[in-house]
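Below: one structure, written as C-alpha coordinates.
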Amino acid sequence: MAVNRRVPRVRDLAPLLQFNRPQFDTSKRRLGAALTIQDLRRIAKRRTPRAAFDYADGGAEDELSIARARQGFRDIEFHPTILRDVTTVCAGWNVLGQPTVLPFGIAPTGFTRLMHTEGEIAGARAAAAAGIPFSLSTLATCAIEDLVIAVPQGRKWFQLYMWRDRDRSMALVRRVAAAGFDTMLVTVDVPVAGARLRDVRNGMSIPPALTLRTVLDAMGHPRWWFDLLTTEPLAFASLDRWPGTVGEYLNTVFDPSLTFDDLAWIKSQWPGKLVVKGIQTLDDARAVVDRGVDGIVLSNHGGRQLDRAPVPFHLLPHVARELGKHTEILVDTGIMSGADIVAAIALGARCTLIGRAYLYGLMAGGEAGVNRAIEILQTGVIRTMRLLGVTCLEELSPRHVTQLRRLGPIGAPT
(Lines of atoms letter the chains of each structure in order from A; the text may use other names.)
(Lines give C-alpha, C1' and ligand atoms only; values in the text may rest on other atoms or scores of the structure.)
Protein backbone atom coordinates (compact mmCIF):
# COMPACT_ATOMS: atom_id res chain seq x y z
CA MET A 1 0.00 0.00 0.00
CA ALA A 2 1.41 3.36 -1.05
CA VAL A 3 2.19 5.96 1.61
CA ASN A 4 0.56 9.32 1.11
CA ARG A 5 3.02 12.14 1.59
CA ARG A 6 2.62 15.89 1.87
CA VAL A 7 4.81 18.93 2.19
CA PRO A 8 5.55 19.70 5.89
CA ARG A 9 3.86 22.83 7.17
CA VAL A 10 5.47 25.28 9.56
CA ARG A 11 2.67 24.88 12.11
CA ASP A 12 3.36 21.11 12.16
CA LEU A 13 7.06 21.64 12.79
CA ALA A 14 6.69 24.32 15.46
CA PRO A 15 5.86 21.95 18.38
CA LEU A 16 8.89 19.82 17.50
CA LEU A 17 11.35 22.71 17.52
CA GLN A 18 12.62 22.94 21.09
CA PHE A 19 15.82 24.83 21.80
CA ASN A 20 17.39 24.83 25.24
CA ARG A 21 18.80 28.06 26.54
CA PRO A 22 22.57 27.94 25.89
CA GLN A 23 24.69 27.35 28.99
CA PHE A 24 27.70 29.65 28.81
CA ASP A 25 29.15 28.48 32.13
CA THR A 26 31.44 25.70 30.91
CA SER A 27 31.78 24.18 34.38
CA LYS A 28 28.01 23.89 34.84
CA ARG A 29 27.64 22.48 31.34
CA ARG A 30 30.39 19.93 31.94
CA LEU A 31 29.06 18.79 35.31
CA GLY A 32 25.45 18.80 34.15
CA ALA A 33 26.35 16.37 31.39
CA ALA A 34 27.72 13.89 33.95
CA LEU A 35 24.98 11.35 34.66
CA THR A 36 27.02 8.80 36.62
CA ILE A 37 30.02 8.74 38.93
CA GLN A 38 31.97 7.14 36.08
CA ASP A 39 31.17 10.21 33.97
CA LEU A 40 32.68 12.37 36.71
CA ARG A 41 35.72 10.08 36.77
CA ARG A 42 36.30 10.65 33.06
CA ILE A 43 36.08 14.42 33.53
CA ALA A 44 38.41 14.23 36.53
CA LYS A 45 40.99 12.26 34.57
CA ARG A 46 41.05 14.90 31.83
CA ARG A 47 41.36 17.84 34.22
CA THR A 48 43.89 16.51 36.74
CA PRO A 49 47.60 15.70 36.41
CA ARG A 50 48.36 12.03 36.25
CA ALA A 51 50.08 11.76 39.64
CA ALA A 52 47.19 13.47 41.44
CA PHE A 53 44.52 11.47 39.63
CA ASP A 54 46.32 8.18 40.19
CA TYR A 55 46.74 8.94 43.90
CA ALA A 56 42.95 9.04 44.22
CA ASP A 57 42.08 6.42 41.62
CA GLY A 58 44.71 3.79 42.32
CA GLY A 59 44.96 0.88 44.71
CA ALA A 60 47.61 -1.43 46.11
CA GLU A 61 49.79 -3.73 44.02
CA ASP A 62 47.70 -5.27 41.19
CA GLU A 63 44.58 -3.39 42.35
CA LEU A 64 42.58 -6.60 42.64
CA SER A 65 40.92 -5.57 45.90
CA ILE A 66 39.22 -2.52 44.42
CA ALA A 67 38.32 -4.36 41.21
CA ARG A 68 36.70 -7.18 43.19
CA ALA A 69 34.87 -4.72 45.44
CA ARG A 70 33.32 -3.00 42.45
CA GLN A 71 32.47 -6.33 40.87
CA GLY A 72 30.75 -7.34 44.09
CA PHE A 73 28.25 -4.52 43.67
CA ARG A 74 27.75 -5.35 40.00
CA ASP A 75 27.03 -8.97 40.88
CA ILE A 76 23.78 -8.41 42.73
CA GLU A 77 20.23 -9.16 41.80
CA PHE A 78 17.41 -6.99 43.12
CA HIS A 79 13.98 -8.40 43.98
CA PRO A 80 11.38 -5.63 43.63
CA THR A 81 7.94 -5.65 45.17
CA ILE A 82 5.08 -4.24 43.10
CA LEU A 83 1.87 -2.28 43.55
CA ARG A 84 3.19 -0.20 46.44
CA ASP A 85 2.50 3.50 46.76
CA VAL A 86 5.95 5.08 46.41
CA THR A 87 4.81 8.65 45.80
CA THR A 88 6.77 9.79 48.85
CA VAL A 89 10.14 8.26 49.70
CA CYS A 90 12.35 9.06 52.71
CA ALA A 91 16.02 8.15 52.34
CA GLY A 92 17.15 9.31 55.77
CA TRP A 93 17.35 7.94 59.30
CA ASN A 94 19.57 8.14 62.39
CA VAL A 95 23.24 7.22 62.11
CA LEU A 96 25.35 7.09 65.26
CA GLY A 97 22.81 9.00 67.28
CA GLN A 98 21.96 11.82 64.88
CA PRO A 99 19.71 12.16 61.83
CA THR A 100 21.14 12.08 58.32
CA VAL A 101 19.22 12.98 55.17
CA LEU A 102 20.81 10.22 53.09
CA PRO A 103 22.33 6.84 54.00
CA PHE A 104 25.87 7.79 53.06
CA GLY A 105 28.61 10.12 54.19
CA ILE A 106 31.90 11.37 52.82
CA ALA A 107 34.81 9.11 53.74
CA PRO A 108 38.08 10.47 55.11
CA THR A 109 40.61 11.07 52.35
CA GLY A 110 44.21 12.19 52.68
CA PHE A 111 46.06 14.89 50.76
CA THR A 112 42.75 16.12 49.35
CA ARG A 113 43.93 19.52 48.12
CA LEU A 114 46.24 17.63 45.77
CA MET A 115 43.15 16.65 43.80
CA HIS A 116 41.66 20.16 43.77
CA THR A 117 42.68 23.34 45.54
CA GLU A 118 39.29 23.62 47.30
CA GLY A 119 40.05 20.33 49.04
CA GLU A 120 38.32 19.29 52.25
CA ILE A 121 36.41 22.56 52.58
CA ALA A 122 34.58 21.82 49.33
CA GLY A 123 33.66 18.36 50.58
CA ALA A 124 32.49 19.62 53.96
CA ARG A 125 30.34 22.36 52.42
CA ALA A 126 28.72 19.95 49.99
CA ALA A 127 28.09 17.42 52.76
CA ALA A 128 26.55 20.04 55.04
CA ALA A 129 24.28 21.25 52.24
CA ALA A 130 23.13 17.68 51.60
CA GLY A 131 22.61 16.85 55.28
CA ILE A 132 25.21 14.07 55.43
CA PRO A 133 28.35 13.66 57.59
CA PHE A 134 31.81 14.68 56.42
CA SER A 135 34.92 12.85 57.66
CA LEU A 136 38.23 14.68 58.05
CA SER A 137 41.39 12.60 57.81
CA THR A 138 44.49 12.73 59.98
CA LEU A 139 46.22 13.22 56.61
CA ALA A 140 44.01 16.18 55.70
CA THR A 141 45.39 19.24 53.95
CA CYS A 142 43.07 21.49 55.97
CA ALA A 143 43.52 22.04 59.70
CA ILE A 144 40.77 20.94 62.06
CA GLU A 145 40.07 24.46 63.27
CA ASP A 146 40.20 25.97 59.78
CA LEU A 147 37.57 23.52 58.54
CA VAL A 148 35.19 24.45 61.36
CA ILE A 149 35.67 28.17 60.69
CA ALA A 150 35.07 27.72 56.95
CA VAL A 151 32.13 25.33 57.40
CA PRO A 152 30.55 25.88 60.83
CA GLN A 153 27.39 24.00 59.91
CA GLY A 154 27.01 20.30 59.23
CA ARG A 155 28.03 17.12 60.99
CA LYS A 156 31.75 16.36 61.19
CA TRP A 157 33.61 13.15 61.94
CA PHE A 158 37.36 12.70 62.37
CA GLN A 159 39.46 9.77 61.22
CA LEU A 160 42.39 8.95 63.50
CA TYR A 161 45.63 7.18 62.67
CA MET A 162 47.48 6.33 65.87
CA TRP A 163 51.02 7.66 65.86
CA ARG A 164 54.03 6.13 67.51
CA ASP A 165 54.00 9.22 69.73
CA ARG A 166 50.80 8.58 71.71
CA ASP A 167 50.92 11.98 73.41
CA ARG A 168 50.72 13.68 70.02
CA SER A 169 47.83 11.43 69.06
CA MET A 170 45.89 12.40 72.17
CA ALA A 171 46.66 16.08 71.64
CA LEU A 172 45.05 15.70 68.23
CA VAL A 173 42.03 13.97 69.80
CA ARG A 174 41.60 16.85 72.23
CA ARG A 175 41.68 19.37 69.36
CA VAL A 176 39.01 17.40 67.52
CA ALA A 177 36.77 17.29 70.59
CA ALA A 178 37.22 21.01 71.22
CA ALA A 179 36.26 21.73 67.60
CA GLY A 180 32.90 19.99 68.02
CA PHE A 181 33.38 16.81 66.00
CA ASP A 182 30.95 14.16 67.25
CA THR A 183 32.44 10.89 65.96
CA MET A 184 35.95 9.41 65.82
CA LEU A 185 36.83 6.80 63.20
CA VAL A 186 39.92 4.89 64.35
CA THR A 187 41.57 3.32 61.32
CA VAL A 188 43.13 -0.06 62.12
CA ASP A 189 44.16 -1.47 58.72
CA VAL A 190 47.39 0.52 58.26
CA PRO A 191 50.14 -1.07 60.39
CA VAL A 192 52.33 -0.18 57.40
CA ALA A 193 51.55 1.46 54.08
CA GLY A 194 50.29 -0.63 51.21
CA ALA A 195 52.31 -0.91 48.00
CA ARG A 196 50.64 1.79 45.91
CA LEU A 197 52.64 1.23 42.78
CA ARG A 198 51.08 4.02 40.75
CA ASP A 199 52.38 6.54 43.29
CA VAL A 200 55.86 5.05 43.17
CA ARG A 201 55.95 5.03 39.37
CA ASN A 202 54.66 8.61 39.24
CA GLY A 203 57.25 9.81 41.75
CA MET A 204 54.45 11.03 43.99
CA SER A 205 55.93 13.18 46.77
CA ILE A 206 54.84 15.58 49.52
CA PRO A 207 54.60 18.30 48.28
CA PRO A 208 54.61 17.54 44.51
CA ALA A 209 58.07 18.04 43.04
CA LEU A 210 58.71 19.91 39.79
CA THR A 211 60.53 17.24 37.80
CA LEU A 212 60.75 16.96 34.02
CA ARG A 213 57.78 14.58 34.08
CA THR A 214 55.58 16.88 36.18
CA VAL A 215 56.54 19.93 34.12
CA LEU A 216 55.51 18.12 30.93
CA ASP A 217 52.29 17.02 32.60
CA ALA A 218 51.65 20.59 33.73
CA MET A 219 51.47 21.72 30.11
CA GLY A 220 48.20 19.82 29.77
CA HIS A 221 46.78 21.00 33.12
CA PRO A 222 47.71 24.68 33.50
CA ARG A 223 44.70 25.52 35.69
CA TRP A 224 45.59 22.83 38.23
CA TRP A 225 49.16 24.05 38.48
CA PHE A 226 48.07 27.69 38.66
CA ASP A 227 45.83 26.82 41.61
CA LEU A 228 48.63 24.86 43.29
CA LEU A 229 51.20 27.64 42.94
CA THR A 230 48.93 30.55 43.92
CA THR A 231 47.31 29.09 47.07
CA GLU A 232 48.60 27.89 50.44
CA PRO A 233 51.47 25.39 50.18
CA LEU A 234 50.26 21.81 49.93
CA ALA A 235 51.02 19.87 53.11
CA PHE A 236 49.45 17.66 55.76
CA ALA A 237 47.85 20.19 58.10
CA SER A 238 48.23 18.05 61.24
CA LEU A 239 51.68 16.61 60.53
CA ASP A 240 55.22 17.72 59.88
CA ARG A 241 56.46 18.32 56.35
CA TRP A 242 58.02 15.31 54.66
CA PRO A 243 60.13 15.15 51.48
CA GLY A 244 59.33 11.55 50.52
CA THR A 245 56.32 9.54 49.41
CA VAL A 246 53.11 9.15 51.37
CA GLY A 247 53.92 5.49 51.99
CA GLU A 248 57.31 6.33 53.46
CA TYR A 249 55.67 8.85 55.77
CA LEU A 250 53.13 6.32 56.99
CA ASN A 251 55.84 3.80 57.77
CA THR A 252 57.83 6.40 59.72
CA VAL A 253 55.09 8.03 61.79
CA PHE A 254 52.22 5.58 62.31
CA ASP A 255 52.13 2.95 65.01
CA PRO A 256 52.22 -0.74 63.95
CA SER A 257 51.87 -1.90 67.57
CA LEU A 258 48.19 -0.90 67.96
CA THR A 259 46.12 -3.75 69.47
CA PHE A 260 42.59 -4.43 70.71
CA ASP A 261 43.67 -3.38 74.20
CA ASP A 262 44.31 0.16 72.98
CA LEU A 263 40.65 0.67 72.05
CA ALA A 264 39.57 1.02 75.68
CA TRP A 265 42.27 3.62 76.24
CA ILE A 266 41.21 5.60 73.16
CA LYS A 267 37.58 5.37 74.25
CA SER A 268 38.48 6.79 77.66
CA GLN A 269 40.08 9.81 75.98
CA TRP A 270 37.27 10.56 73.51
CA PRO A 271 33.86 11.92 74.61
CA GLY A 272 31.95 11.22 71.40
CA LYS A 273 31.00 8.18 69.34
CA LEU A 274 33.85 5.75 68.66
CA VAL A 275 33.90 3.75 65.43
CA VAL A 276 36.60 1.29 64.31
CA LYS A 277 37.35 1.45 60.59
CA GLY A 278 39.05 -1.35 58.69
CA ILE A 279 37.23 -4.50 59.86
CA GLN A 280 37.77 -7.38 57.40
CA THR A 281 36.78 -10.54 59.30
CA LEU A 282 33.82 -11.60 61.40
CA ASP A 283 36.11 -12.58 64.29
CA ASP A 284 37.63 -9.09 64.40
CA ALA A 285 34.17 -7.54 64.23
CA ARG A 286 33.14 -9.61 67.26
CA ALA A 287 36.27 -8.64 69.18
CA VAL A 288 35.84 -4.93 68.50
CA VAL A 289 32.13 -4.91 69.38
CA ASP A 290 32.90 -6.78 72.62
CA ARG A 291 35.09 -3.82 73.59
CA GLY A 292 32.16 -1.44 73.54
CA VAL A 293 32.66 0.64 70.42
CA ASP A 294 29.65 2.43 68.94
CA GLY A 295 30.14 1.24 65.38
CA ILE A 296 32.37 -0.52 62.89
CA VAL A 297 33.29 0.16 59.28
CA LEU A 298 33.72 -2.90 57.08
CA SER A 299 36.51 -1.67 54.85
CA ASN A 300 39.66 -2.75 53.06
CA HIS A 301 40.80 0.88 52.81
CA GLY A 302 39.43 1.25 49.33
CA GLY A 303 41.75 -1.48 48.09
CA ARG A 304 44.75 0.70 48.95
CA GLN A 305 46.36 -1.49 51.63
CA LEU A 306 46.35 -5.31 51.35
CA ASP A 307 45.67 -6.44 47.81
CA ARG A 308 43.37 -9.48 47.48
CA ALA A 309 41.72 -8.45 50.76
CA PRO A 310 38.15 -9.55 51.57
CA VAL A 311 35.39 -7.65 49.80
CA PRO A 312 33.58 -5.62 52.51
CA PHE A 313 30.24 -5.95 50.72
CA HIS A 314 30.57 -9.75 50.77
CA LEU A 315 31.31 -9.69 54.50
CA LEU A 316 28.40 -7.37 55.30
CA PRO A 317 25.44 -9.81 55.56
CA HIS A 318 27.36 -12.20 57.83
CA VAL A 319 28.40 -9.43 60.22
CA ALA A 320 24.92 -7.90 60.13
CA ARG A 321 23.21 -11.18 61.02
CA GLU A 322 25.36 -11.70 64.09
CA LEU A 323 26.16 -8.18 65.28
CA GLY A 324 23.61 -5.87 63.68
CA LYS A 325 21.54 -5.66 66.88
CA HIS A 326 24.60 -4.79 68.97
CA THR A 327 26.37 -2.10 66.95
CA GLU A 328 25.99 0.14 63.91
CA ILE A 329 27.62 -1.21 60.76
CA LEU A 330 29.04 1.03 58.07
CA VAL A 331 30.65 -0.15 54.85
CA ASP A 332 32.85 1.35 52.15
CA THR A 333 34.97 0.41 49.12
CA GLY A 334 33.64 0.16 45.58
CA ILE A 335 30.47 2.24 46.00
CA MET A 336 29.75 4.06 42.76
CA SER A 337 25.96 4.38 42.51
CA GLY A 338 22.78 4.87 44.46
CA ALA A 339 21.89 1.25 43.73
CA ASP A 340 25.12 0.16 45.46
CA ILE A 341 24.12 2.16 48.53
CA VAL A 342 20.61 0.71 48.62
CA ALA A 343 21.99 -2.83 48.30
CA ALA A 344 24.31 -2.24 51.26
CA ILE A 345 21.49 -0.88 53.42
CA ALA A 346 19.28 -3.84 52.48
CA LEU A 347 21.99 -6.26 53.62
CA GLY A 348 22.40 -4.63 57.02
CA ALA A 349 24.53 -1.50 56.75
CA ARG A 350 23.40 1.57 58.66
CA CYS A 351 25.43 3.90 56.47
CA THR A 352 27.92 3.79 53.61
CA LEU A 353 30.99 5.94 53.02
CA ILE A 354 32.03 7.32 49.65
CA GLY A 355 35.68 8.12 48.96
CA ARG A 356 36.62 7.92 45.31
CA ALA A 357 33.12 8.91 44.19
CA TYR A 358 33.52 12.14 46.16
CA LEU A 359 37.06 12.75 44.88
CA TYR A 360 36.02 12.26 41.25
CA GLY A 361 33.46 15.01 41.75
CA LEU A 362 36.03 17.21 43.47
CA MET A 363 38.56 16.78 40.66
CA ALA A 364 35.86 17.33 38.04
CA GLY A 365 34.69 20.65 39.43
CA GLY A 366 35.57 21.53 43.02
CA GLU A 367 32.64 22.07 45.37
CA ALA A 368 30.18 22.10 42.47
CA GLY A 369 31.57 18.74 41.39
CA VAL A 370 31.09 17.27 44.86
CA ASN A 371 27.53 18.59 44.87
CA ARG A 372 26.99 16.84 41.55
CA ALA A 373 28.41 13.55 42.87
CA ILE A 374 26.08 13.68 45.87
CA GLU A 375 23.14 14.58 43.62
CA ILE A 376 23.86 11.61 41.33
CA LEU A 377 23.97 9.23 44.30
CA GLN A 378 20.88 10.74 45.94
CA THR A 379 18.89 10.43 42.73
CA GLY A 380 20.02 6.83 42.37
CA VAL A 381 19.10 5.95 45.95
CA ILE A 382 15.57 7.33 45.68
CA ARG A 383 14.97 5.86 42.22
CA THR A 384 16.16 2.41 43.32
CA MET A 385 13.98 2.53 46.44
CA ARG A 386 10.93 3.39 44.34
CA LEU A 387 11.67 0.62 41.86
CA LEU A 388 12.02 -1.84 44.74
CA GLY A 389 8.66 -0.73 46.12
CA VAL A 390 9.90 0.72 49.42
CA THR A 391 9.21 4.14 50.89
CA CYS A 392 11.79 4.25 53.69
CA LEU A 393 15.09 2.62 54.58
CA GLU A 394 13.47 0.58 57.35
CA GLU A 395 11.54 -1.36 54.70
CA LEU A 396 14.72 -2.59 53.00
CA SER A 397 15.83 -6.09 53.95
CA PRO A 398 17.94 -8.98 52.62
CA ARG A 399 14.91 -10.27 50.72
CA HIS A 400 15.44 -7.40 48.28
CA VAL A 401 18.99 -8.43 47.29
CA THR A 402 20.83 -11.56 46.22
CA GLN A 403 24.61 -11.54 46.00
CA LEU A 404 26.04 -13.43 43.03
CA ARG A 405 29.67 -14.13 43.80
CA ARG A 406 31.98 -14.97 40.91
CA LEU A 407 34.77 -16.26 43.16
CA GLY A 408 32.58 -19.12 44.35
CA PRO A 409 29.74 -19.62 46.83
CA ILE A 410 29.53 -17.17 49.70
CA GLY A 411 30.25 -19.13 52.84
CA ALA A 412 30.20 -17.89 56.41
CA PRO A 413 33.50 -16.06 57.01
CA THR A 414 35.44 -16.24 60.26
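Note: Cβ is positioned from N, Cα and C throughout, glycine not excepted.
Remember, predicted model here, so these are calculated numbers, not experimental data.
Listed by Swiss-Prot as binding FMN are Ser137, Gln159, Thr187, Asp332, Thr333, Gly334, Ile335, Met336, Gly355, Arg356; the candidate from Lys277, Lys325 that the record includes in that site is Lys277. Across the fold, the C-alpha of Arg196 (2-oxocarboxylate binding site) and the C-alpha of His301 (active site, proton acceptor) stand 12 Å from each other.
Arg304 (2-oxocarboxylate binding site) has a Cβ environment of 27 other Cβ atoms inside 10 Å. Thr187 (FMN binding site) sits 19 Å from Tyr55 (2-oxocarboxylate binding site), counting Cα to Cα. Within 10 Å (C-alpha to C-alpha) of Tyr161 (2-oxocarboxylate binding site) lie the following recorded positions from Ser137, His301, Arg356: Ser137.
Here the domain 'FMN hydroxy acid dehydrogenase' (29-406) returns a mean pLDDT of 92 for the predicted model. For Asp332 (FMN binding site), the same-chain residues that are 6 or more apart in sequence and have a Cβ closer than 8 Å to its Cβ are Ala107, Val297, Leu298, Ser299, Gly302, Pro312, Thr352, Leu353, Ile354, Gly355.
Annotation for Ser137 (FMN binding site): spatial neighbours Pro108, Thr109, Gly110, Thr112, Gln159, criterion Cβ-Cβ under 8 Å with sequence separation of six or more.
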